[in-house]
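J.: Let me begin by handing over the structure; questions about it come next.
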Amino acid sequence: MTTTPVEITPRPETGQLVFKPARRGKPPLHLADFDMAGRKEFLRAAGYPAFRASQLSKHYFERFEADPAAMTDLPAGQREELVAKAMPPLLKTVRQLRADEGMTVKSVHRLFDNAMVESVLMRYDKRVTMCISSQAGCGMNCPFCATGQSGLTRNLSAAEIVDQVVQGVRALRDGAVGDPEEAPQRVSNIVFMGMGEALANYKATMGAVHRIIDPSPEGLGISARGLTMSTVGLVPGIRKFTLEKLPITLALSLHAPDDELRDELIPINTRWKVDEALDAARDYYDATGRRVSIEYALIRDINDQGWRADLLGEKLNKRGGGWVHVNPIPLNPTPGSKWTASRPGVEQNFVERLRAHGIPTTVRDTRGSDIDGACGQLATEA
């Protein structure tokens, strides 16, 4: 059997940004690429009755069914071909790693063209959070992030993004996450913090958002308030996202309050500076009423100085109060990285300095770091 060769994405040069990946083939169309009206037209164009769209949507978005034989409301002689047309397989899970006594599961998925993406499912006492990818790789080239250093392979389709969530829901239903004796839970929180800059793949990302939040059978019916959209500071994307006026949390990966350092840590800062990103984030709060999260990976002797905490506090307060929350994140280790997490005492001082400015600050939980499933570690090591 001949295997399609895997295309190796060249490692990006230092500071180089990639907004558009090299042209590749497109994934097969899936009903999750469309809203209900689009699904009806898609099936009609393929020679099937439009009402099949609602039946298929119930199987995918409500029952999370993948077996055509179980779809008994479809004609027996057409089930296989209908499912093949409207619900083609998009993700093949080739590896799973577990941590936190089975409560955290990282899945590595192979796409139709052998591109690889990862998602992470985290089960807590009263919620289930899923971290999903919007791109295979990432073009933002942040030097402390394994995903950024792998380069951008391609954008994901809306359906490839949604299917990560559906596969996570199936895993929960089947008792594959946590204690199988406990009652199954539904995914309640979705964070676009996996591989890729979601706002650089705007159309597919927003299509996925609507499939996630739209009520079933049009979508998964997950509350928009349970979603978080992360960005490194793609200001035009933030501005565009603001106009959607959805009650989704915006998370700005800042990592430095001064342009001199942020130019090195977050290369997109050479295009849109700290103040521009913070202004856009404040405007997002004004438009949506949703408090913005500032993500700040604490890197030993690089960005963890007390004066930087003070500068960050001053810049946030300059834009008013009550609109922002800071999440310091102990830097997660990545292969070949020269940087490490801040010392505990330095981390605590940074937090206390921010709180002294009246900034709500919470050190973020780093689930899955021992399976390379935490922030900045996703790099598809299959």
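Glycine too: its Cβ is placed from the backbone N, Cα and C atoms.
If you look up Swiss-Prot, you'll see Glu118 marked as active site, proton acceptor, on the strength of sequence analysis. The domain 'Radical SAM core' feature in Swiss-Prot is assigned to 124-370; the stated evidence is sequence analysis. Residues or ranges marked as disulfide bond in Swiss-Prot: Cys131-Cys375. The [4Fe-4S] cluster binding site annotation in Swiss-Prot covers Cys138, Cys142, Cys145 and rests on sequence analysis. Per Swiss-Prot, the feature S-adenosyl-L-methionine binding site maps to Gly196, Glu197, Ser230, Ser253, Leu254, His255, Asn332. According to Swiss-Prot, the active site, S-methylcysteine intermediate annotation covers Cys375.
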J.: When you measure from the Cβ of Glu197 (S-adenosyl-L-methionine binding site), which residues in the chain that are at least 6 apart have a Cβ under 8 Å away?
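T.: Sequence-distant Cβ neighbours: Ser134, Gln135, Cys138, Gly139, Met140, Thr231, Val232, Leu234, Gly237.
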J.: List which of the recorded positions Glu118, Cys131, Cys142, Cys145 have their Cα within 10 Å of the Cα of Asn332 (S-adenosyl-L-methionine binding site), in sequence order.
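T.: Passing the 10 Å Cα cut: Cys145.
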J.: Counting only other Cβ atoms and using a 10 Å cut-off, which of the binding-site residues Cys138, Cys142, Cys145 scores lowest?
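T.: Fewest other Cβ atoms within 10 Å, among the binding-site residues Cys138, Cys142, Cys145, is found for Cys142.
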J.: Which value does the mean pLDDT take for the domain 'Radical SAM core' (124-370) in this predicted structure?
T.: 94
J.: Relative to the Cβ of Gly196 (S-adenosyl-L-methionine binding site), which residues of the same chain, six or more apart in sequence, are found under 8 Å away?
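T.: Ser133, Ser134, Gln135, Ala136, Gly137, Cys138, Thr147, Leu152, Asn155, Leu156 - these are the non-local Cβ neighbours of Gly196 (S-adenosyl-L-methionine binding site), listed in sequence order.
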J.: Record lists Gly196, Glu197, Ser230, Ser253, Leu254, His255, Asn332 as binding S-adenosyl-L-methionine; longest Cα-Cα distance in Å?
T.: 19
J.: As a test of the contact definition, list every same-chain residue at least 6 positions from Leu254 (S-adenosyl-L-methionine binding site) whose Cβ is closer than 8 Å to its Cβ.
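T.: Those within reach of Leu254 (S-adenosyl-L-methionine binding site), by Cβ under 8 Å and sequence separation of 6 or more, are Gly233, Arg262, Ile266, Val274, Ala277, Leu278, Ile294, Glu295, Tyr296, Leu312.
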J.: If I take the Cα of Cys145 ([4Fe-4S] cluster binding site) as reference, which of the recorded positions Glu118, Cys131, Ser230, His255 has the closest Cα?
T.: His255
J.: Just checking: which of Cys131, Ser253, His255 have a Cα that is within 10 Å of the Cα of Glu118 (active site, proton acceptor), counting only these recorded positions?
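T.: So the list is Cys131.
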J.: Provide the number of Cβ atoms within 10 Å of the Cβ of Glu118 (active site, proton acceptor), excluding the reference atom itself.
T.: 26
J.: If you count Cβ atoms within 10 Å of each one, which of the binding-site residues Ser230, Ser253, Asn332 comes out on top?
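T.: Selected residue: Ser253.
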J.: Can you tell me how many other Cβ atoms are located within 10 Å of the Cβ belonging to His255 (S-adenosyl-L-methionine binding site)?
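T.: Here the count is 25.
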J.: Could you state the whole-number distance in Å separating the C-alpha atoms of Cys142 ([4Fe-4S] cluster binding site) and His255 (S-adenosyl-L-methionine binding site)?
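T.: Answer for this pair: 11 Å between alpha carbons.
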J.: For Cys131 (disulfide bond), identify the closest of the binding-site residues Ser230, Ser253, His255, judging by Cα separation.
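T.: The answer is Ser230.
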